[in-house]
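Encoded as structure tokens, the structure appears first; notes follow it.
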Amino acid sequence: MGNNPEEEEFLLNHSQNSTKGGVKTIPFIIVNESCERVASFGLQPNMILYITKFYNMDAARASVLLNLWSALSNGLAIFGAFISDSYIGRFRAIAIGTISSLIGMIVLWLTAIFPQIRPLPCGQDQLDCNAATAPQLAVILSSFGLISIGAGFVRPCSVAFGADQLENKENPDNERVMDTYFNWFYASVGISISVAITVIVYIQVQFGWQVGFGVPVLLMVLAVSIYLIGSPLYIKAKPKGSLFTGLFQVAVAAFRKRHINVQLNYSDDCYYKAPESKLLKPSIDFRCLNRACIIEDPHMDLKPDGKASDPWSLCFVEQVEIMKCFLRVLPMWSTCIMLLVSFGQPLSIYQLLTMDRHITHQFEIPAGSFGMITVLSLTIWIAFYDRALVPLLSRYTGLPTGLSTFSRMGIGLFLGIVATALSAITETIRRNKAINAGFEDDPNAVLNMSSMWFVPQLALYGVAEALNMVGQIEFIYSLFPKTMSSFAAALYTFGLALASLISSLLVSMVDSITSAGGKTSWLATNINRGHLDYYCWLTTFLCVINFLYFLAICRFTDQHHHDGRSSLFPEVEEEHSENRRFHGA
């Protein structure tokens, strides 16, 4: 039964009488997050064109640079979450991040306004090109760095900061209020990314870089202003420490106590436990880590109040089990990296620029906006799977999710292979058409070939990501307690960073090897002379190897995951057994 309007209004305004926090603060937080995402995501699709044209870089080097930028942005999200949770709190982290992004975008905007901070343009033959000087490179790299710092502080903290405003354990309907908030927050994220890769990209194409970079600056000014205006209303929770600190403490404590013989049978009293903990002793998995929670000398290891004298020498049993869970998910988590690498074909925007992108005689889809196909495919598939396929599949599999997490991850990886193979076939056809038409030396010529050739592969990438990533997150959720649900998002973010690093390394290696001896690189800026199709086939081969690796991991993980004990935490087991009883009924 649905809520009546009066009940919904009560749920959404349950804290309105409070001086701090409540739903009144949520618009400030969501607007700040949305503006940041529109501004930063809007810069990415066409950035390779800006770098190659105005900084005289070849396409391969520009692709490496932008992959490193992406890796830095995603990697700093882990760092930003750690600093926020351990030292400065979420409010300050978001404020620092938003201001940093604003400054970075202003610097980038200035590079488009003042030609003095860019190298001179190339000659007409494209051979007489001046490389960017060290100060010129420093300017644009500093803008990338500031934007990355901003993303690293804002994105991991915004959703949790909003949850801080609504947390009210005295309200029996608090869980429903939180669910409503999360739905609205993630809906705003999806809308923001859609606006970024359509509207902002279109502005860059139609009005030039000065306007195209100026609009994100205005958005960030709005983000900073809105966020700071709401400052008196926020609940500003104090930092309580980071999960990652606990992981490091376990590793250090286990190493310090490496002399302890873990083969001995210790009594439950020998292990350091948190108050009211259900875990009396550590599991036998990764037994070497058990040293971290063994009390050798109570007088030395414990304070009079029962707390550890040195948390870097003695850890809770729960900390040790969290570390073990982290080690258990790493192999399965690593199987998604190659799929993320395959999504980012380095020169795909150059392919689209040579194809007919007209929908009507007057309207042409910007090349940088084709990523919208993947976003739409992902969104439509998740809705279709949840509403149509899950009820149907559940009748045959007996699983409330329709397919097991392993099945969804595997199907996602397989579809990624198909999509990457399709991209190789499409590029082979496009390149042959260009050569046959006499455009081998004219990479700017538009072929009589529709850009709709790209739709199948981009749509498949969206379905592949929806299946694999949702399966990955559910797999991680099944191992960790509900209180650590943000850990899955942190791992996914770190996966994006690692995938960008691997992609930049792969592009650099392929470009270096294939251009040796004066040969034309596979990833040449003139894609009609290069062999981007060979690079796509190489990526396809690596995806196949990754799929075989996934099957090997499944063989070992599935047995442990379904032996009646899918998690190391009793409370998680209780949640899972309750879910099984509920769905069985």
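Quick reminder: no glycine exception, Cβ is built from N, Cα and C everywhere.
These come from TrEMBL:
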{"type": "TRANSMEM", "residues": "64-83", "note": "transmembrane segment"}
{"type": "TRANSMEM", "residues": "95-117", "note": "transmembrane segment"}
{"type": "TRANSMEM", "residues": "137-163", "note": "transmembrane segment"}
{"type": "TRANSMEM", "residues": "184-205", "note": "transmembrane segment"}
{"type": "TRANSMEM", "residues": "211-230", "note": "transmembrane segment"}
{"type": "TRANSMEM", "residues": "332-353", "note": "transmembrane segment"}
{"type": "TRANSMEM", "residues": "365-385", "note": "transmembrane segment"}
{"type": "TRANSMEM", "residues": "406-425", "note": "transmembrane segment"}
{"type": "TRANSMEM", "residues": "458-477", "note": "transmembrane segment"}
{"type": "TRANSMEM", "residues": "489-514", "note": "transmembrane segment"}
{"type": "TRANSMEM", "residues": "534-556", "note": "transmembrane segment"}
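Counting Cβ pairs closer than 8 Å and at least 6 residues apart in sequence, the transmembrane segment (211-230) and the transmembrane segment (95-117) reach three or more and so form a contact. With a cut-off of 8 Å between Cβ atoms, the residues of this chain six or more beyond the transmembrane segment (365-385) that come close are 45-46, 190, 193-194, 197-198, 201-202, 204-205, 343, 348-349, 352-353, 357-359, 402, 451, 454-455, 458-463, 465-467, 470.
Here the transmembrane segment (406-425) has Cβ contacts under 8 Å with residues 332, 335-336, 338-339, 342-343, 345, 348, 456-458, 460-461, 463-472, 475, 533, 536-537, 539-540, 543-544, 546-547, 550-551, 554, 557-558 of the same chain, all six or more residues outside its ends. By the Cβ criterion (under 8 Å, sequence separation of 6 or more), the transmembrane segment (332-353) is not in contact with the transmembrane segment (95-117), since fewer than 3 such pairs are found.
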